[in-house]
Amino acid sequence: DVNNLPGPGDSVDVQKQKFAAKGLNTQDLVTLVGGHTIGTTACQFFSNRLRNFTTNGAADPSIDPSFLSQLLTLCPQNTGATNRVAFDNGSQNKFDSSYYANLRNGRGVLQSDQALWNDASTKTFVQRYLGLRGLLGLTFNVEFGKSMVKMSNIGVKTDVDGEIRKICSSFN
């Protein structure tokens, strides 16, 4: 059910509710969304942030102005809805923690991503992935693996509800 997945415009509270409903916590949210370090999205999923975001028609003020210029070029109004933009500007082909530095610098592509830096309940986890002084650091690759294992246990069918196949190519 796609309604249970975080949406590109979801607030942090909504994202946390959706993760909590599956037994995942706030750190899991920040960690798993960090998987955006690889991949792209279509402009249509964040174009609302580029134009007419505020009541006076301005862009989302949390976007770094130089990044906004790049996004406006990549996503021209009326013609660029399906154009693709990397989630992780500058490191889109590496699975690393630079995604979090982008959030700190106002370069989160999706509104739901940038919200992780702008919300106090998730910002600390972002800062921990950045290894900021005074905070106990987190290692993204290690924590991502732990959160993926937790996620892989969601809705697992066991006992008489489950099925173990000895031949996986069989669909009978």
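Backbone N, Cα and C atoms are what each Cβ position is placed from, and that goes for glycine too.
Note that the structure is a prediction, hence the values are computed from the model and not measured.
Note: TrEMBL links CYS75 through a disulfide bond to CYS43 (candidates: CYS43, CYS168). Using ASP88 (Ca(2+) binding site) as the reference Cα, a 10 A cut-off selects HIS36 from the recorded positions PRO6, HIS36, CYS75. For CYS75 (disulfide bond) paired with THR37 (Ca(2+) binding site), the C-alpha to C-alpha distance reads 20 Å. If you check the binding-site residues HIS36, THR37, ASP96 against PRO6 (substrate binding site), none has a Cα inside 10 Å of its Cα. Neighbours of CYS43 (disulfide bond), defined as other CB atoms within 10 A of its CB across all chains, total 21.
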